[in-house]
Amino acid sequence: MSLGLVGRKVGMTRIFTEEGDSQPVTVLDVSNNRVTQIKTPATDGYSAVQVTFGKRRAIRVNKPSAGHFAKAAVEAGEILREFRVAEEILGTLSPGTVIGLDIFQPGQRVDVTGTSIGKGYAGAIKRHGFASNRASHGNSRSHNVPGSIGMAQDPGRVFPGKRMTGHLGNVRRTIQNLEILRIDAERGLLIIKGAIPGSKGGDVTVSPSIRSARPTNNGNVNAAAKGGAKSGKKGG
């Protein structure tokens with residue numbers, strides 16, 4: 001339940017640390033994020049902030065969306081995303097408020113959501129990482145087939161969830177716990193370590209990582225428990 005930003009994937013490059021190490025990074029354009037709607041428990045049943053990114057010509061906006069943007073007195077955008085937030089935050093925001101990159105800091109961990117690149121219809125080897133069969137030595141027709149997909153008359157069917165051939169990619173995916181290396185507030189760019197789903201120009205959503213907020217177990221409790229178990233054993 002934290003406020004985030006929406007934007008577009010610019011592409012990948014690399015940067016060098018002070019020690020001279022090369023790190024692959026993804027550049028995200030999250031400039032000009034503005035609030036289009038505030039949702040409260042009284043009116044909508046939950047608290048959330050709706051944000052838009054980019055610009056779209058009025059002729060390219062359908063009537064329902066045009067009315068929605070006009071009601072908020074906000075220039076029409078290309079993307080609309082909603083962030084669930086605590087009710088206390090709603091008082092600091094209003095339609096038209098610009099959300100800057102100052103909600104993030106270098107070194108902070110974030111979750112990035114995007115749409116993976118579509119690969120079309122793919123076989124089980126590419127889709128699920130299956131191993132291929134022998135290239136020769138008696139194998140003449142089953143090099144890349146998935147193999148058996150079930151049993152005999154009993155149960156006489158293929159179990160649900162069986163990994164088979166099918167469409168690969170073009171689905172929403174979230175990569176968690178990525179690190180922000182640099183922030184270019186002047187140009188509205190986030191430099192994030194590693195890769196994220198999608199091709200250049202794809203829509204992305206960036207929000208504070210939910211994993212970094214969880215309590216971690218450093219192993220001290222387990223170590224103490226093991227020590228107690230050993231000390232409780234009877235001597236030989």
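In case you wondered, yes, glycine gets a Cβ from its N, Cα and C as well.
Summarising the annotation, Swiss-Prot assigns compositional bias 'Polar residues' to 133-145, 206-216. According to Swiss-Prot, the compositional bias 'Low complexity' annotation covers 217-228. According to Swiss-Prot, the feature N5-methylglutamine maps to Gln153, an assignment based on sequence analysis. Marked as region 'Disordered' by Swiss-Prot: 132-153, 200-236.
For the region 'Disordered' (132-153), the residues of the chain that approach it from at least six positions outside its boundaries are 123-125, 159, 162-165, judged by C-beta separation under 8 angstroms.
DSSP assignment over the region 'Disordered' (132-153) gives 0 helix, 1 strand, 21 coil.
Cβ environment of Gln153 (N5-methylglutamine): no same-chain residue six or more positions apart lies under 8 Å away.
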